[in-house]
Amino acid sequence: MSKVTVFDHPLIKHKLTILRDKNTGSNQFRQLVSEIATLMCYEVTRDFKLEDCEVETPIGKTTGQTLSGKKLGVVPILRAGLGMVEGFLSVLPAAKVGHIGLYRDPKTLKPVEYYCKLPKDVEERDIIVVDPMLATGGSAEAAITFLKEHGCKNIKLVNIIAAPEGIKMVQEKHPDVDIYVAGLDEKLNDHGYIVPGLGDAGDRLFGTK
């Protein structure tokens, strides 16, 4: 079974509280999503391997450590996932970015794919899938399945808020995918929205309804 990491860092909790507030405007909402993504990135990359290298400082030579040739990919689930990309790229500037467009059918609550663009060598990369919300888990499950069909083997899922139902879905379908969430909420309501949640992340990011 995959590992689920729920963050308890004070900065993340503080920013998440402001993010939830219905009075937080789109500009601040976008900034907070990016900042939370950056903070989460440190834990998501904790298991990255390092290799020794020699570096010369202005004073003398020393042995340092760098990431050991790891090729990375950040894949947002459109459209809300776009809000987390810059936060990850600020820490991982060499990562390539792919895009998977999914929307949730309001009647069936199942994901429908409408767009996909991935790096040519995506199967060689460790992939970080980002989406602010993990509700039913349908979109995340579909995106991960799609990536595996393209040869991806090492995949992590990063969400700002998740419902237990979504985590259960992903763990059942993809027990090899570790999940990282900033906040684990109570449940889904009858409309498939996370409670208490933060509303529609895409609408709040981009100022749409």
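Glycine is treated like the rest: Cβ placed from N, Cα and C.
The DSSP secondary structure for Asp131 (5-phospho-alpha-D-ribose 1-diphosphate binding site) is coil. For Asp131 (5-phospho-alpha-D-ribose 1-diphosphate binding site), the same-chain residues 6+ apart in sequence whose C-beta sits under 8 angstroms from its C-beta are Pro76, Ile77, Ala80, Gly81, Met84, Ser139, Ala140, Ala143, Leu157, Val158, Asn159. If you look up Swiss-Prot, you'll see Arg79, Arg104, Asp131, Pro132, Met133, Leu134, Ala135, Thr136, Gly137, Gly138, Ser139, Asp200 marked as 5-phospho-alpha-D-ribose 1-diphosphate binding site, on the strength of sequence analysis.
The annotation uracil binding site is assigned in Swiss-Prot to Ile194, Gly199, Asp200, Ala201. Around Asp200 (uracil binding site), the same-chain residues at least 6 positions away in sequence with a Cβ under 8 Å from its Cβ are Tyr193.
Least crowded of the binding-site residues (Gly137, Gly199), judged by neighbouring Cβ atoms within 10 Å of its own Cβ: Gly199. You'll find the Cα of Ala135 (5-phospho-alpha-D-ribose 1-diphosphate binding site) roughly 6 Å from the Cα of Ile194 (uracil binding site).
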